[in-house]
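Residues annotated as [4Fe-4S] cluster binding site in Swiss-Prot, with sequence analysis given as evidence: 60, 64, 68, 103. Per Swiss-Prot, Mo-bis(molybdopterin guanine dinucleotide) binding site is recorded for 233. Marked as domain '4Fe-4S Mo/W bis-MGD-type' by Swiss-Prot on the basis of sequence analysis: 53-117. The feature N-acetylthreonine is assigned by Swiss-Prot to 2.
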């Protein structure tokens, strides 16, 4: 029997029983239970806080690449908070799921809805409003009022100099729209439409909002400036190697990798919603390697850290290539690799060797024309050597087969019975025509980066009258991989430090031990062999933002191509910098570029545009030949970068606007008055210098941009490299530029140099935003935008296969409007004013020679023919830009903006070279939306709401409309002769609508708009269609390229990947040498601006939650060693100064940082905790105050193969990683 222990006695029992009289509640008989009622009033607050009336699906349009679906909670008409959606479709068994997706930044967005930074009403610059109202009262016409202000230099300078100094006043939507419309009408009437520009980046992050504004700009004949290249997020190597902008795997494909490298991409920070795939791949057994100069957040996830000095990654990749070529191609041959490069790369193709003085140097591809073939497009059909027959043959699939009747059914990678020989060494030496020759190659591994040469032997043979070798032969010579019997300077082994591209050579440059580089290369290759190419490299801004990023990327891509990893699930490259992938591509570009109403659109590379119009070119005092190869032809001798930009514009390689030194509308009138064909008239006038390209005199007031609209962007506070030059020259307000244009440097020969440098080119800068930023603060008109929780829109990304919706959880509060509604108001006001001042005009539109068109064959061999230099009469579309005459009915802009135009019925829609015809879709849209019943748009489908525009974008895109996907593949089948339509068959009746995206995340359809397959739920990987279905790459050979044969690439010595160190800022720009300054108070360091943990670009960096989680305000990360040199302790105020500007911030001293490098995270705006400087007493700048735009000539190459312009496909990058700055400790007493 169990005895219950008894504690206490009668006294205790008495106390227990008495206690019930003093304790609230009801007691049980045994006193063991007390029941209390009430007292929970405090819970009401908690329950009320988390109660809500409805939940709405939306996402964030912040260019974070996440495109995460969120639940937005609303109570009493107020947005209260957000949480992650959890209804993503399953990716299948045996792999992790996509959900939940999100990050702390996204989870804090609702703070913005009611924050102090919210733009609630339309604003305009007070002094300008006063001028405008007075002039309008006096003249009675908005356009005349605007013209009156611009005609008075004193009044114009008054409001320009007020930019950024406060003084914004509330105005009505009607007055703001009228003022903006008047500025547009006046500019078009006086100067021409190409003096109007729009800047809005990353359409994938909110397609409707982007298209609404871009559509207006293009309909009036204005210019859309690019962003992908301007941000330096575009890896120019992608068009150079693949002929593709950037197509990359979704993050779910990382799971399939068995060797995963993060090279210049800090995945946990910049790809937070997707980082779990990286960790899970490692748990699955993949080895994870990180290449970075600092101990970054992703380093702690890695199995191995390869600590490579900043900006020297090319040297490491070249050394790894040396090992892979030695181990897998020369000492042994890995059949998997050899078979791959024979079919899918240009390694077997023949290169002509040419004499240059006493030297033998690599030249251009041997083509069918060189060996006497007279077939169509013979000059664009490169040749190779058939190993079986020992004869030179012309394989199918090259550019010459892509266009023209002879190529129908032959543009494919089917080699038939041909076995491409990788080397002429495989030749059987018929008639003794095989021998070896010394070829001279460039090298740039000196400290200052100037070129030297190395001579190495290659096996050669004759092909007709030409001495040739293969690309592979040149690769081995260039990488320093010796073969028996070949003369020249060769490494004695991996540990030879004296010869370029060996592991020991790279150690002295990168700091990576030679043994580690050798093991890294061997592991990478061995894994590819054993796994069938499942070696993957995630790449990003860490190596993409450098001046020489193209060769840096090409050297890394070479590793993937040599190991057969491209075009494989779980293998290849994975470049992520920016939310670039507009999955419904065709529909978006039709809407955004207004090609349903007028063609072609005006598009310009952003870096070229801002380089010229912010006068940053004037501060470049070095000759372009400083970058040239020692074995070049001297094409850049004595030329300034601006001369090369002028030549590229003249030859039609790269566009620039404005076009002419007078209005393009007036030029059309002149040609008509002369009774001449417009093309002939323009060419003749240009040759006689009676008409000039504006690029030859960009500082002449007639050639200035006059009106700039910025929306969905923060140009001045985020992406404006050389921000202080924007302020000084474009906007005409105060700046902190610390230098003057050099007087003793190289000045342009073909561009007017005037000692009077303009300040204040723009008549109007207008921005649309939901929060106050550095851009809105300098704008003349600020329109209040709806946030991402207050409008209808679409989002997609590279990272996952879904299309997401934005949905309005509430109506836009105060006087805010969606971008769609804002541009509707502006277009309506514009058309009303145009009735009196513009009417219908004829416009002459110049457009660069385009990628994915026959324009790629304009310049055989990529040989420049500069009519500006020779005095010849240019030929439009051949030796200069294409010329198109466009009729613009300016009175009907609003009606056209609001409807789907007839050109898609007439000409179809072309994407990446194939055309589809959406007759059925147009009829369906007309039936669903109704049609316009009057005016020029009568009978056309009405797009009167943002929801409707979203549905149009989806309906016109193969990724969201299975019928168009199948039609596109059938069209490609005719040209390729390969079966492709099966990739989308079964989807013919499938449609994705805006309502579908509101219901849940919707995966897209496999479409020829992109290079990978998603059929059957497959994880998306790029180029799988090329590899598995023999569709050629969009390049000269139809294969992936190691070798580039364009004149301007050759002049730089970059036909093959080559190590080029960071720019020598001391030699080229007279900046201080790295290290302590002469006075010992400062330290010159390399200045890098990586992406931030606490913001996406400038969004969230001013968010109260993120300011609380981070250090808050402007900061600079530096190493303890560097900090000690200038007596800086953690959290001290420091000041950074260089020729471009001044930056004031607090120091974060951390052991994770290498010496000689500082990080200022992108973006830290001037709107948070930015004090005055000690240098000049003005307020300090932002992270871009210390940067400046520099143009690399090879990025301007055009008119030949994959080197041809397309918007955001190819253009100079706004690189900024080569900068240096002097940092010093400043007074800790800061003033604001």
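Each Cβ is built from the backbone N, Cα and C atoms, and glycine gets one as well.
This view paints the features noted in Swiss-Prot onto the structure.
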residue: 60; record: [4Fe-4S] cluster binding site; Cβ neighbours (10 Å): 29
residue: 64; record: [4Fe-4S] cluster binding site; Cβ neighbours (10 Å): 27
residue: 68; record: [4Fe-4S] cluster binding site; Cβ neighbours (10 Å): 29
residue: 103; record: [4Fe-4S] cluster binding site; Cβ neighbours (10 Å): 21
residue: 233; record: Mo-bis(molybdopterin guanine dinucleotide) binding site; Cβ neighbours (10 Å): 26
Rounded distance in angstrom between the Cα atoms of residue 233 (Mo-bis(molybdopterin guanine dinucleotide) binding site) and residue 68 ([4Fe-4S] cluster binding site):
21
Do you know the DSSP helix, strand and coil residue counts for the domain '4Fe-4S Mo/W bis-MGD-type' (53-117)?
10 helix, 18 strand, 37 coil
Residue 233 (Mo-bis(molybdopterin guanine dinucleotide) binding site): secondary structure state under DSSP, collapsed to three categories
coil
Within the predicted model, mean pLDDT of the domain '4Fe-4S Mo/W bis-MGD-type' (53-117)
94
